[in-house]
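Asker: Reproduced below are the annotations present in TrEMBL:
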TRANSMEM  A:81-102  transmembrane segment
TRANSMEM  A:114-137  transmembrane segment
TRANSMEM  A:143-163  transmembrane segment
TRANSMEM  A:175-197  transmembrane segment
TRANSMEM  A:217-239  transmembrane segment
TRANSMEM  A:271-293  transmembrane segment
TRANSMEM  A:305-325  transmembrane segment
TRANSMEM  A:332-353  transmembrane segment
Amino acid sequence: MTAIDARFAKVAGAVRPARAKVFLALTGLLLLSAILSLAIGPTGVSLQSLPRALAAAAGYAADSSAERDRLVLIDLRLPRTLLAAFVGAALATSGAMMQGLFRNPLADPGLIGVSSGAALAAIATIVLGHGIAAPLIAPLGIYALPIAAFFGGLITTITLVAIAARRGRLAVGTLLLAGIALGALAGSLGGFLAYASDDRDLRDLTLWSMGSLSGASWQKVFAVLPFAAAICLAVPHLVRGLNGFLLGESEAMHLGIDTERTKRITIATTAAAVGAAVAVAGVIGFVGLVAPHVMRLLSGPDHRVVLPGSAILGATLVIVADIIARMAIRPAELPIGIVLALVGAPVFLHLVLRRGIGGGE
Amino acid sequence: MLEARSVSVVAGSKRLIDNVSLTITPGRLTAVIGPNGAGKSTLLRVMAGELKPSEGTVFLDDTDLLKVPVARLAARRSVVAQSTTLSFPFTVLEVVMLGATVPGFGIRDSAAADAAREALDAVGLAEFETRMLNELSGGERQRVHIARALCQLATAPPSQAGTAAILLDEPTASLDLKHQCDVLALIKAQAEMGRAVMLVIHDLNLAAAFADEIVLMAAGRIAGKGKPDDLLNEDLLSHTFGCRLRVVSSEDGGRLVLPSAITGKAIMGAAAE
């Protein structure tokens, strides 16, 4: 046992496993799932072809099977795996942040309508992108969808906060109910747009409602990079503030935390993360709910552990779900949202019944 | 010292606090008493820098409290709220260590844990550090939150010299008699260590037994202040609380405030014997 290991074990006492071990195990799982995701696919190309694929990518091997391996491994599976990791990490981190900020274990970007708002903006961008809104959207290129989804998520979040704020405090019950209402509203508007769209758009749109990574490309990986960087930059500024919020907003202020700043950064970061995730993969539920709760059970509610841990765990979950999504009924694909709901809903119920999830006093 | 000068808080057309001036002096335990709705908790929130007064100013060692950045303020004053609920399961030690999470304190986890253990020891919960907070009784939980407040001041950087204040809003409300006395003795010890302590409390007898100074509030104003012996008189208290109260001297010279229904029966009982 290392010195750091021993210290953490001493700090948390006997009830928590050492943090270093938890992180080591989580990182191992993430790497394992990423390797599996690269190795498994309906085309049957295995990891043994990786050297040939890399050679082809570098321009050294020109035969058609090497070119095929390059296409499958480098242009399809690698960006897909990276995007799955980003989407999972972004959603899980957002879920953890929202639960901390709203002091509610049920706050999840999907449940309170932020994802629906982001999806509506993305749907509107697709449907209206070559119609009336073309001059507005065309100059943004590949960034149009993530940016639209980001603002969709942000506007939904701000509306929610405006509805739920009472004398400077967020009324959590109101927030959840308003979130459900806003989510339903965004869903119906999205449905209307889908109804009004043509066949080509409709195919794009169906992916949004249940989530899919089948459209993964390097373009999309590059499009989410700035968002991933923004989240990574924001998280260290948030952990202490969110820890204070666990005791309540007044108590956070008493502890010396700039509560308004914490709220603003959390909401902007969540909107950015969810917006970007929805933009590349559609609406994916349960990751934001399950990953943070598993982390809290493992390592306690300290956000210095919960946020990075949820990111790693969320990334792993989505990568694994995506492997199942593309293999279960190959050569066709399941929407990833279905896979995650199938696994996530029972896990969530189990957590609720264990009582550990409600916590509280 | 922590000093409110002519402070008022107006909400709509109602004056929750009306032109209140109050000084919380280091080394003294100042208890604020008064009927429900008198503005005690509102005054505490103003003194904590949490609520901006509509009129007047609160000073911390002659600096306007609202001009002190929250992180620096946290090094100088800690607050124990009436009830603090946690949304997620924490261990006792983790809760107390939250007191050391103040941005800018920059202390290591190991140092925070040491300070937290010391604070837990001070409130008599040294053996509880790995227990989950939500499994504790109300009284134990309240003491954990007091330990958190102590831990906050204990881990403040030495550069933040000056008055250190602890503000407590009815910390004994849910405690049994033994724990009421334990908690107040602990709070009193903090005052004797040189800290400025403001205690909002309902129990007049506990206030009389432990406070150096009592402030009586009624309808947002200060109805009287002074040493317990001077302030606790029947007419003032009966008028302020709107019910007939008797103040009797106990055998050791202290004062006891009792509703006249109890003293009436006691007197009748004595007469019957």
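Keep in mind that glycine also has a Cβ here, set from the backbone N, Cα and C atoms.
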Asker: Which residues, given as numbers and ranges, are at least 6 beyond the ends of the transmembrane segment (A:271-293) yet have a Cβ under 8 Å from it?
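Answerer: Apart from its flanks, the transmembrane segment (A:271-293) reaches 83-84, 86-88, 90-96, 98-99, 105-106, 108-111, 114-116, 118-119, 121-122, 145-154, 156-157, 207-213, 215-216, 220, 223-224, 227-228, 230-231, 306, 310, 313-314, 317-318, 335-337, 340-341, 343-345, 347-348, 351, 357.
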Asker: Looking at A:81-102, A:175-197, A:217-239, A:305-325, A:332-353, which one has the highest count of Cβ pairs under 8 angstroms to the transmembrane segment (A:143-163)?
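Answerer: It is A:175-197 that shares the most Cβ pairs under 8 Å with the transmembrane segment (A:143-163).
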Asker: Could you name the stretch, out of A:81-102, A:175-197, A:305-325, A:332-353, with the greatest number of CB pairs under 8 A to the transmembrane segment (A:217-239)?
Answerer: A:81-102
Asker: Is the transmembrane segment (A:332-353) packed against any residues at least 6 beyond its ends, judged by a Cβ distance under 8 Å, and which are they?
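Answerer: Distant Cβ neighbours of the transmembrane segment (A:332-353) are 207, 209-214, 281-287, 289-290, 293, 297, 317-318, 321-322, 324-326.
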Asker: Let me spell it out: take the transmembrane segment (A:81-102), skip the flanking residues so only those 6+ beyond its ends count, and list any with a Cβ under 8 Å from a Cβ in it.
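Answerer: For the transmembrane segment (A:81-102), the far contacts come to 30, 34, 37-38, 108-109, 112, 114, 170, 172, 175, 213, 216, 220-221, 224, 227-228, 231, 235, 238, 242-243, 245-246, 262-263, 266-267, 269-270, 273-274, 276-277, 280-281, 284, 287-289, 291-292, 295, 303, 306-307, 310-319, 321-322.
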